[in-house]
Amino acid sequence: MANVVVIGAQWGDEGKGKITDLLSRSADVVVRYQGGVNAGHTIVVDDKVLKLHLIPSGILYKNTSCLIGSGTVVDPKILLKEIDMLIDNGIDISGLKISSTSHVTMPYHRILDEAMEADRGSNKIGTTGRGIGPTYADKSQRNGIRIRDLLNKERLSDVIEIPLREKNGLLEKIYGIKPLKLEDIVEEYLDYGERLSKHVVDCTRTIHAASKNKKNILFEGAQGTLLDLDHGTYPFVTSSNPISGGACIGAGVGPTLIDRVIGVAKAYTTRVGEGPFPTELQGSINDQLCDRGSEFGTTTGRRRRCGWFDGVIGKYAVSVNGLDCLAVTKLDVLDELDEIQVCIAYDLDGEKIDYFPTNSDELKKCKPIFKKLKGWQCSTADCRKLSDLPENAMNYLRFLAELMEVPIAIVSLGANRDQTIVIEDPIHGPKRALLR
């Protein structure tokens, strides 16, 4: 038995959905522990493209229980759309469970999120506009609505009255937006609660029962390390903690329950929205990476910014998360390049540094110091074992492993499930990996 946390080692969009889907075959329980519909992952199954925002990837396996944990914020309207989409595709969702204490994204959260972002003008953070920040803000201010509140009309009417009055005041007086009606919201969200009620459980009890019965538990993070509220490129971050420590809080487990942590990183780097990005590329190579990598956000459809692999943020992710091994995705996107660069350090005001500045103002001034490596200029899409890879592709992977001081356990070479080289199964394999 092994309990594994899967995290993003960059700015999100690393391909965690595919890796989680792959590992879910060996997992009994998959737990989403933070974030909301601002995250998205795409899974390709039998030529079907499935895009999920809240439901864990493990839902595709009928013997796997999928739990949306207490640290996640839930937009029930979108969740129900995902459920309907899965049912329409013939997927059994009986294993889906939702924590009764997950907080709910309400309509005023979405409206406020968009209004606040528009009001920032040139100082935009790059929010998805899905209401995630305001939902977490209400949670912190002890003014939030939880899933359990949607199951009782009297309770919902009572708990929504004060936050709605406050939000209507903001909407009307500051942003000039028409106030929302309590009765309409209560009616709509009671209906959502009724439809979701059969999936609602006590999150902590469910996970600990599985652990007691020696089940394999997979904890699925959303976004990435550099978007972490406390450890990312603040203020250009999300409103929760995607790092591995967030799994303990968001799922309600102690750190001793976690056996290993796997980080997912692209063979290059991308970022959506605003904020510093030291290795960002411009021109033809940026366009090539974007086009070959289909770098458009699952949630927003926004074009992602592309750059070379950044070993400085990679080492930071290893440290902050305590990574045991790495999954490198989208290696195939680099297939046509004759030369590939990797950032090994930064130049900050004339000083060479190999650490990650958590101050965004300092990070903006950092200039990448690159190591040049030879490309392989042939397709890797059909490679299924390490020995199939071109020599220069192997050299590239070895360099990344040495730079980050963590072994590589999985290499992804395309969107399909079978386009993967599993060097070691992080759940059933020994606690080591073969590619260093």
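Note: Cβ is positioned from N, Cα and C throughout, glycine not excepted.
Keep in mind it's a predicted model, so treat the numbers as computed, not measured.
For reference, Swiss-Prot has these:
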- Asp13: active site, proton acceptor (ACT_SITE)
- His41: active site, proton donor (ACT_SITE)
- 12-18, 40-42, Arg304, 330-332, 412-414: GTP binding site (BINDING)
- Asp13, Gly40: Mg(2+) binding site (BINDING)
- Asp13, Glu14, Gly15, Lys16, Asn38, Ala39, Gly40, His41, Thr128, Arg142, Gln223, Thr238, Arg302: IMP binding site (BINDING)
- Thr298, Thr299, Thr300, Gly301, Arg302, Arg303, Arg304: substrate binding site (BINDING)
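This view paints the features noted in Swiss-Prot onto the structure.
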{"residue": "Gly15", "record": "GTP binding site", "Cβ contacts under 8 Å, 6 or more apart": "Val264, Lys266, Ala327, Thr329, Lys330, Ser412"}
{"residue": "Lys18", "record": "GTP binding site", "Cβ contacts under 8 Å, 6 or more apart": "His41, Thr42, Ile43, Val44, Ser57, Thr329, Ser412, Ala415, Arg417, Thr420"}
{"residue": "Gln223", "record": "IMP binding site", "Cβ contacts under 8 Å, 6 or more apart": "Gly8, Trp11, Gly12, Gly35, Asn38, Ala39, Thr238, Ser240, Pro242"}
{"residue": "Arg303", "record": "substrate binding site", "Cβ contacts under 8 Å, 6 or more apart": "Cys290, Glu295, Phe296"}
{"residue": "Arg304", "record": "substrate binding site", "Cβ contacts under 8 Å, 6 or more apart": "Asp13, Thr270, Arg271, Val272, Cys290, Glu295, Phe296, Gly297"}
{"residue": "Leu331", "record": "GTP binding site", "Cβ contacts under 8 Å, 6 or more apart": "Ala267, Thr380, Ala393, Tyr396, Leu397, Val411, Ser412, Leu413"}
Quiz item: Per 10 Å Cβ neighbour count, which of the recorded positions His41, Arg302 ranks highest?
Solution: His41
Quiz prompt | Rounded Cα-Cα span from Thr128 (IMP binding site) to Gly301 (substrate binding site), Å | solution = 10
Quiz item: Counting all other Cβ atoms within 10 Å across every protein chain shown, which of the binding-site residues Asn38, Thr42, Thr128 scores highest?
Solution: Asn38
Quiz item: 10 Å Cβ neighbour count around Gly12 (GTP binding site)?
Solution: 29
Self-check item: Site diameter for IMP, Å, by largest Cα distance between Asp13, Glu14, Gly15, Lys16, Asn38, Ala39, Gly40, His41, Thr128, Arg142, Gln223, Thr238, Arg302
Solution: 34
Self-check item: Local Cβ density at Gly301 (substrate binding site) - other Cβ atoms counted within 10 Å
Solution: 8
Quiz item: Around Gly40 (Mg(2+) binding site), how many other CB atoms lie within 10 A of its CB?
Solution: 20
Quiz item: In whole Å, how far is Gly40 (Mg(2+) binding site) from Arg302 (IMP binding site) when you measure between their Cα atoms?
Solution: 12
